[in-house]
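Notes follow the structure.
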Amino acid sequence: MASQNQPDSQRPSPSPLLTQHPALPLPPTPLSSSYTHTSPIPTTALPSAGPARRRYMVGIDEAGRGPALGPMVYAAAYCPVDWEELPTLGFNDSKVLSAETRASLLLTLSSHPSNLGWAVRVLSPSSISGGMLSRPPTNLNLQAQQATVHLLRLLFAQEIDVAQIFVDALGPSVPYQAYLQSLFPSCEVIVCPKADAIYPVVGAASVAAKTCRDAWMEGWVYEEPGLPSPAGIDRAPVEGTPAPAELELELGSGYPSDPRTQAWIAAKLERTFGYPRLVRFSWAPVRLAMEKHAHAVKWIDDNQASVVKSFASATGRDRARCALARDLGLRSVGEI
């Protein structure tokens, strides 16, 4: 992301993806919480379509499950079961498509208002980390499941007549399929690996999810002022290292195995406050970097036995006495 200190004439032009993606806010704003975006409902899905109303199939896929940086995006694409044009549009597993092809297919998603609709559920990095670090934790599998169910229920709430649901599986598909089938008994539910390459409607969802995540990553707006210099975790100037306005590290893919992402994680650690909201604090490489290089925190009530002792149960002679008598030091006349 270009430094905010650069003159406008020196900043690169925004990617067409950023200006084209309807799921992103304009002007760009920080992603501080999760949200859902939906396209207009196709006209053949509306109850008001009368005899022209069609039964629909839905595809579900995600992007950004594994990275340590940025959001995870779940997407649903839906079209009539008998829509013969869908296989000719070129939708496929977004990972095998070029960025240019994905950008073109993003336009295709919005070019068939009679028969093709889509929606995305964008899970912010803070929401992901907050769930995984809560007690009890909401692990990533459960968050993914909740996002899928959220999108499907949204379509049912819009009175779309859903007949088939296809979901790309990342884990055991049989129990997940049974779970979704129990929630949506009126539909045929299929959960399988590589569904985005098998079913074009899942490929369409894959494109919606991938382009949305890529747009967020490319145009990320930081809430935190004064990000640490890429000089290093100590924020100490290193001889020969350019100033922040002159050097901007690449985020890379966001995956912990990417050397560019590893360099970014090492450089952007602020030793007192940690990382910006772009980072998923629950990821192991991030936790390890903070444990190793961030300032240690010692809470003021750690090891304070006197505080704990003050809440201890009464013992001995005071055990059977009321709290007021103990606090005021009252004694029975017979004890004097």
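Cβ coordinates are placed from backbone N, Cα and C, and glycine is handled just like the others.
The compositional bias 'Polar residues' annotation in TrEMBL covers 1-12.
Marked as region 'Disordered' by TrEMBL: 1-48.
Residues or ranges marked as compositional bias 'Low complexity' by TrEMBL: 31-40. A Cβ distance under 8 Å defines the sequence-distant neighbours of the compositional bias 'Low complexity' (31-40), meaning residues of its chain 6+ beyond its ends; these are 22-23, 71, 109-110, 113, 117-127, 150-151, 154, 158, 212, 216, 220-221, 223, 277.
Summarising the annotation, TrEMBL assigns domain 'RNase H type-2' to 55-295.
Of all Cβ atoms in the shown protein chains, 25 besides its own fall within 10 Å of the Cβ of D168 (divalent metal cation binding site). Under DSSP, D168 (divalent metal cation binding site) is assigned to a strand (E or B) in the three-state scheme. If you look up TrEMBL, you'll see D61, E62, D168 marked as divalent metal cation binding site.
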Ask   = How many other Cβ atoms are found within 10 Å of the Cβ atom of E62 (divalent metal cation binding site), counting all protein chains shown?
value = 24
Listed in sequence order, residues with CB under 8 A of D61 (divalent metal cation binding site) and six or more positions away = Y74, A75, S94, V167, D168, A195, D196, V202, G203, A205, S206, A209
